[in-house]
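Student: Dumping the structure here so I can ask a few things about it.
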There are 4 protein chains.
Amino acid sequence: MRIGVLTAGGDCPGLNAVIRSVVHRALAGHNDEVIGFEDGFKGLLEGRYRKLDLNAVSGILARGGTILGSSRLERARLRQACEETEDLSRELGLDALIPIGGEGTLTASSMLAAAGLPVVGVPKTIDNDISATDRTFGFDTAVGVATEAIDRLKTTAESHQRVMVVEVMGRHAGWIALESGMAGGAHGICLPERPFSVDRLCEMVEERFARGKKFAVVCVAEGAHPAEGQMDYAKGEIDQYGHERFAGIGNQLAGELERRLGKEAKPVILGHVQRGGVPTAYDRVLATRFGWHAVEAVHRGDFGQMTALRGTDIVMAPLADAVTELKTVPVNRMAEAESVY
Amino acid sequence: MRIGVLTAGGDCPGLNAVIRSVVHRALAGHNDEVIGFEDGFKGLLEGRYRKLDLNAVSGILARGGTILGSSRLERARLRQACEETEDLSRELGLDALIPIGGEGTLTASSMLAAAGLPVVGVPKTIDNDISATDRTFGFDTAVGVATEAIDRLKTTAESHQRVMVVEVMGRHAGWIALESGMAGGAHGICLPERPFSVDRLCEMVEERFARGKKFAVVCVAEGAHPAEGQMDYAKGEIDQYGHERFAGIGNQLAGELERRLGKEAKPVILGHVQRGGVPTAYDRVLATRFGWHAVEAVHRGDFGQMTALRGTDIVMAPLADAVTELKTVPVNRMAEAESVY
Amino acid sequence: MRIGVLTAGGDCPGLNAVIRSVVHRALAGHNDEVIGFEDGFKGLLEGRYRKLDLNAVSGILARGGTILGSSRLERARLRQACEETEDLSRELGLDALIPIGGEGTLTASSMLAAAGLPVVGVPKTIDNDISATDRTFGFDTAVGVATEAIDRLKTTAESHQRVMVVEVMGRHAGWIALESGMAGGAHGICLPERPFSVDRLCEMVEERFARGKKFAVVCVAEGAHPAEGQMDYAKGEIDQYGHERFAGIGNQLAGELERRLGKEAKPVILGHVQRGGVPTAYDRVLATRFGWHAVEAVHRGDFGQMTALRGTDIVMAPLADAVTELKTVPVNRMAEAESVY
Amino acid sequence: MRIGVLTAGGDCPGLNAVIRSVVHRALAGHNDEVIGFEDGFKGLLEGRYRKLDLNAVSGILARGGTILGSSRLERARLRQACEETEDLSRELGLDALIPIGGEGTLTASSMLAAAGLPVVGVPKTIDNDISATDRTFGFDTAVGVATEAIDRLKTTAESHQRVMVVEVMGRHAGWIALESGMAGGAHGICLPERPFSVDRLCEMVEERFARGKKFAVVCVAEGAHPAEGQMDYAKGEIDQYGHERFAGIGNQLAGELERRLGKEAKPVILGHVQRGGVPTAYDRVLATRFGWHAVEAVHRGDFGQMTALRGTDIVMAPLADAVTELKTVPVNRMAEAESVY
């Protein structure tokens, strides 16, 4: 068989591990041919690809980024592609396509599958917010980076008797904030799923200082926002790429805490360090398993599906189901953390 | 309520995170009192304990080891303890006991529970071989340490055109070898669950050298052994503490590969670096959740049970069931790794 | 002898290693008594101290922060202290004082020494800008943290065809930017020592994109500023603690690059993660050596001096000389980096 | 100019950083051409090389190993090469050669230089034992790996009330043992430079246990040996590659301590993890500076010299001097560590 693979959407540690695993399994297990499309769906539509043999994927298991490049697909071109799937696979001699990507990519994959392209998806998001799978690769690495930052900030907060506000990724789902907050022992955690109370954050800080613990660390997801009436909150200037500039929730919350508490409060915005670099062992294993099972699904003809982790097993889940609902942090997980405000 | 907590058996990253979480939840959530027994069951039987308040568990979340100390319990004393459980809890005013430990500890806990002690167990093993839970804390840290070692060894193996044999922990179950081997991209993985073929390892190395990849890394669990007739294999001298000295499988396999292949093969025995030190974020979260749910179980009166991870949920599993069967690496997980020999 | 030790000024990885080393050497080598003043000079003036024995410094070698706490000293109180040094040391029975701190602390120490207090200083700054010593502890850790961030950002920049602007610490001296920029392979480095050219940064980015390297990382010290006429540059709002809020050079430079280049440019402000947490091995060794030699200097009566690294040796340098001039990045070090703009 | 570069001898983190720096400086600073010889001097003698442009060295700064491969040179071939240096450089059109390597490589380089080849050497050894330079790259990484191992072993030693014996690299010079022992806070350090006393090690352990610190970590260089009469010590079986197998000093010392103390003592032999993988920031900076200055030396015609670190400067040192004497740990450095036995 001739199998195509592509990566789309944002960077995520473990992408290369999936590509490598697809190539290893397809070649060693099935004598397939694997081609890699460049820059995501763009490369597919423009017929830009290269053959991937063992040498092509040598040494990439632990490397961040993606050797294939990535891009975001415009809707117009996607619709057009859906109309031409037959031509597409005929021209390329493609027996199956394995797109690796997040919500947008999986939606596109679902549409292409519905239009007849033999697709097996691999979910990818550092945000861990895809409902069909217990976890996604990249998430563990992001949590690890954020946790190490909180570890470091705690000692400096303590030495300076300061409040540190760490802003981590997570616009719609607070998984990174929840787990890095728990792992780092943050004293307050603010999630997009529940408007937070600045009053309660202040009480917590005051209570800590009162019993001699003269510092506190608050971990706030970039998508978290204060409850009604808790603080003036201005969405920052939005740049042409759709990103908020400078005045995110981390900066504003630090300012508010400083004003209210009369104690020094400093923001740290972790930003893109969370999504690059060497993946953790956990993410490499999960990514490798996803790649292996994607190839097996291709050979079983399980199209229109994506790989998913359920407990300790890799199973297949319908692409259509996968993207209907965002997996947000449930109330019982917040309860476990105690420090969600 | 007055809740006792103790740690027993070998060191495991995350023990302190469980202790801390038990104290946090019991105090903040239920106004309980928590006492920590010193040196495992010994401290329980000898009435050696200290009160654990918030200050006692401050700063221990990321610290390896256990602030309570640990020990192994002799069978005779355990049997005696079972006969005196009523006296024990009366004297100590104990409403519940949370022992954190591995197979031996959980067995003891099960016996004590059967004898009437109100026990909620927390499973602990870096080997990940307890069947009632998807994963145990400590395992992720051990895999991380072993993976980083394999990462480093690959570059040095390549520069020296060498075969490196890395021996990792796992006497009866090969989980660490499997996952660190996959994460590190080891070219051969040898598990206790399946006698390995030196012939096939040699073929793999020869094939790699033939196509220009002039190095290989083999990851071998300490409990792995060669298939019948594959190599002379001597169990090493056993010291008074029951440990094999010097001539483990890693050393012997390296020697055998060197002889057979006529290429330099070097053993690296990772040993105890795998079980100490700062736990990963994953292990801290799992340990914290286990501690939280153990306290909840106490308050529900769910005795004779232990915490367990199932998918993304923490559930309770009967202590008796937990220790009946070792969770070994199943055949389908070996298939995913491709490189299991 | 009775030796006092204190830590003053900002957090710096390695402080605890110095304290531990002072205690070890003083007790084991000389049978001295060591007392630790709390919260820097404040504790000295208020007579708040505790005895430091081996147990007090057990387990702190690798811990960030300072077990003694820290504070900044007001000038008025310092002047007063200088007038009372004789009373101070008499009341406390102090034979020598070892203050560990940065420029401010060393200046204060120099004044106290001139006023008659038997002082041996230990220099501390993550900025590496004290002229009397080749390197200071804490700097290596800060460079390591910044380098790991740049490593991670490179893969994500590449995947997104982006320019990343990393702002690192260094208000007056650019050592952290220089060395982390070199170690991380930043394509542009901006230092406080030399106003940078946005024109040249843009040329560099364009040149990279032109030859197919469609990403770039710029490492900018917080104290760097553009050359005359290069860009509108506004000092940010200054908060009551003297820190600039939100609109630092990293944010502004990213905005300017995005505008000029028409390419996405994202700022990452590393902030306080650079000054907390576990010190590197290098910093622990240097800190330990400083502590050891400070005690030896006390016993030789080398007062009014501080420890300093010269080549591979620890030597003593007059406190008065140490603080006269800031050690900034010289032109030949900029030349080595090639990418200093 | 046409400059050749090659790497010879054992793996060492930072080799790629030197290669990259030579290429960057030669191309960007001087419009030179750079060729890289494969597998060390072998490639030089056999005319196997490839052109190194910016793309060839892209992404290698942080990678362990060497993209050029390495090998050890036989003496006979070296002598022959010395006789043919003129032909060699004429045939290859070589204006200068930059060999990067350890003692053997520098000796060979010195001979080739004496025979007329325009050579500028770059010293390399993780052992830090080259006398002409304050430090060598690779050493800091090795110390970092060993220190992290000791950090981890301390918690596990403490939990098990054990003595851990960590064997680190260093056959003739004990720098790695000294600095990782200091940085990790090992309670005993054994160096090749001074035969160690098992009696004193035992006293130290007993003293620790007596005051309640029921564990100890001993850091021993592979080349350390007991003082006369201290213990039976057998050199292990030597394999065909000249390496001692299985029964190194770490294993034997652990056995001896266990016998004498009646306490569990476990050996951990770190081995090759110390010499592979990602270099620290320190090593990347030093390696980059060495590469830059080697190219400058070529353009100044400073042949027969090698780069060296003196204080904070990179200077040139005669190749002939560099290899006359091994730089071992001096007595005053042992004194600083206190725990050298």
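Each residue, glycine too, has its Cβ placed from N, Cα and C.
Here TrEMBL flags C:2-298 as domain 'Phosphofructokinase'. As annotated by TrEMBL, Mg(2+) binding site applies to C:Glu103. The substrate binding site annotation in TrEMBL covers C:Thr125, C:Ile126, C:Asp127, C:Arg162, C:Met169, C:Gly170, C:Arg171, C:Glu222, C:Lys266, C:His272, C:Val273, C:Gln274, C:Arg275. The annotation active site, proton acceptor is assigned in TrEMBL to C:Asp127.
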Student: For C:Val273 (substrate binding site), which residues in the same chain are close in space, meaning a Cβ under 8 Å from its Cβ, but six or more apart along the sequence?
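Tutor: In sequence order, C:Val145 meet the Cβ cut-off.
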Student: Counting across all protein chains shown, how many other Cβ atoms sit within 10 Å of the Cβ of the residue listed as 'Mg(2+) binding site'?
Tutor: 18
Student: Give the residue from the binding-site residues C:Arg171, C:Lys266, C:Arg275 that has the most other Cβ atoms within 10 Å of its Cβ, counting over every protein chain displayed.
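Tutor: Ranked by Cβ atoms within 10 Å, first place goes to C:Arg275.
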Student: Return the residues near C:Thr125 (substrate binding site) by Cβ distance under 8 Å, restricted to its own chain and a separation of at least 6 in sequence.
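Tutor: C:Thr125 (substrate binding site) has long-range Cβ partners C:Cys12, C:Gly102, C:Glu103, C:Thr136, C:Gly138, C:Phe139.
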Student: Please report the number of other Cβ atoms within 10 Å of the Cβ of C:Met169 (substrate binding site).
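Tutor: Excluding its own Cβ, the number within 10 Å is 24.
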Student: Restricting to the domain 'Phosphofructokinase' (C:2-298), what is the model's mean pLDDT?
Tutor: 92
Student: Other than its own, how many Cβ atoms are within 10 Å of the Cβ belonging to C:Asp127 (substrate binding site)?
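Tutor: There are 26 such Cβ atoms around C:Asp127 (substrate binding site).
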Student: Can you tell me how spread out the substrate site is, meaning the largest CA to CA distance among C:Thr125, C:Ile126, C:Asp127, C:Arg162, C:Met169, C:Gly170, C:Arg171, C:Glu222, C:Lys266, C:His272, C:Val273, C:Gln274, C:Arg275, in Å?
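Tutor: So the maximum pairwise Cα distance among the substrate binders is 33 Å.
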Student: With CB distance below 8 Å as the criterion, list the binding-site residues among C:Asp127, C:Lys266, C:Val273, C:Arg275 that sit near chain A.
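Tutor: In terms of proximity to chain A, the binding-site residues that count are C:Lys266, C:Val273, C:Arg275, given in sequence order.
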Student: In DSSP terms, helix, strand or coil for C:Asp127 (substrate binding site)?
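Tutor: DSSP call for C:Asp127 (substrate binding site): coil, neither helix nor strand.
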